[in-house]
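Q: Let me give you the structure first, and then I'll get to my questions.
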Amino acid sequence: MAQTNERTPEAVERLGPRPRAVTQDDVTEPPFENEFRNSKEPGIYVDVVPGEPLFASVHNADVVVRTRVRVPLRFGDGFSAVAEAVTFRGLADDGEHMALVFGEPGAGASPLVRLHSECLTGDVFGSARCDCGPQLREAVERLSAAEGVLLYLRQEGRGIGLYNKLDAYALQDDGLDTYAANAALGLPEDGRDYTVAAQMLGALGIGSVDLLSNNPDKERQLSALGVTVRRRVRTGVFATDHNMRYLRAKVDRTGHTIALTELAS
């Protein structure tokens, strides 16, 4: 069995209908150029047998829970909750992603789950340029009440990193929207891959979720990775004078289900 890493028109043309759908159309990891090439590490890679590229999906069997610890949580407004912080071994990108598990979510068929991408400026420092901090605060309260799971993913700046995000902010101050600013820097408008989220859910024994998110891409990727998304639950709208252009761009450019009727034009 050989393995190819070259994304050529000829190789793509040899894909059968199902491999083409999964590797080209379902928002999974690009099949011919990715960080897992030439390796058997968990992730999505491509083997070649008699002339036809095949695909491999997430290998959840290789991902295990490494630590569980009780963590009391307290927010600046006085709200408190108790969660179990869970870490993992064997994740596809070797990142230090964490789950916060509230109560006993395994008891329900489809627990409420939030995929929250790390945002240092919003989550920690209360930046009003985005809605990340208020979304995190809201998610913890809703997940605590519903006995759900928050996956805290190390995907700062939609996957471009902290410094690049701040560079993009400077371009936004010159008039570009959040997506155009990333593109102007030669970076993906949204570089997040939710393979590790699917792996974390698998390690927790969760195969079906109610997804707390306004982002249709999260639903698409999880579904393509084998997680059943029973329904998508909207978050609240957290508008400030500083983030309305950002919220509007998320609706107009990537189809987020944010109710903009209360926002100024």
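Along the chain as shown, the residues are counted starting at 1.
Cβ from N, Cα, C; glycine included.
On a predicted model such as this, the values are computed, not experimentally measured, just so you know.
According to TrEMBL, the protein carries these features:
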ACT_SITE  Asp190  active site, proton acceptor
BINDING   Arg114, Leu115, His116, Ser117, Glu118, Gln135, Glu156, Gly157, Arg158, Thr178, Ser213, Lys218  GTP binding site
BINDING   Cys119, Cys130, Cys132  Zn(2+) binding site
DOMAIN    18-59  domain 'MsrB'
DOMAIN    70-233  domain 'GTP cyclohydrolase II'
REGION    1-38  region 'Disordered'
Q: Among all protein chains shown, how many Cβ atoms are found within 10 Å of the Cβ of Arg114 (GTP binding site), not counting that one?
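A: There are 25 of them.
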Q: Measure from the Cα of Ser213 (GTP binding site) to the Cα of every one of the recorded positions Cys119, Cys130, Cys132, Asp190, then give the nearest.
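A: Going through Cys119, Cys130, Cys132, Asp190 one by one, the Cα closest to that of Ser213 (GTP binding site) is Cys132.
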Q: Going by C-alpha distance, which of the recorded positions Cys119, Cys130, Cys132, Asp190 is nearest to Glu156 (GTP binding site)?
A: Cys119
Q: Compute the C-alpha separation of Cys119 (Zn(2+) binding site) from Arg158 (GTP binding site), stating it in Å without decimals.
A: 9
Q: Once the chains shown are all counted, how many other Cβ atoms turn up within 10 Å of the Cβ of Cys130 (Zn(2+) binding site)?
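A: So the number of other Cβ atoms within 10 Å of Cys130 (Zn(2+) binding site) is 23.
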Q: Where does Cys130 (Zn(2+) binding site) sit in the DSSP three-state scheme?
A: coil
Q: Could you give the maximum C-alpha to C-alpha distance in Å for the residues Arg114, Leu115, His116, Ser117, Glu118, Gln135, Glu156, Gly157, Arg158, Thr178, Ser213, Lys218 that bind GTP per the record?
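A: The span, Cα to Cα at its widest, is 22 Å.
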Q: If you measure from the Cα of Glu118 (GTP binding site), which of the recorded positions Cys130, Cys132, Asp190 is the nearest?
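A: Nearest by Cα distance to Glu118 (GTP binding site): Cys132.
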Q: Inside 10 Å of the Cβ of Cys119 (Zn(2+) binding site), count up the other Cβ atoms and send me the figure.
A: 23
Q: Can you tell me whether DSSP puts Arg158 (GTP binding site) in helix, strand or coil?
A: helix
Q: Can you give the mean pLDDT for the domain 'GTP cyclohydrolase II' (70-233), rounded to a whole number?
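A: Here the predicted model's pLDDT, averaged over the domain 'GTP cyclohydrolase II' (70-233), is 94.
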Q: What recorded positions among Cys130, Cys132, Asp190 are found with a C-alpha within 10 angstroms of that of Arg158 (GTP binding site)?
A: Asp190
Q: Would you mind checking how many other C-beta atoms are within 10 angstroms of the C-beta on Cys132 (Zn(2+) binding site)?
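A: A 10 Å sphere around the Cβ of Cys132 (Zn(2+) binding site) contains 21 other Cβ atoms.
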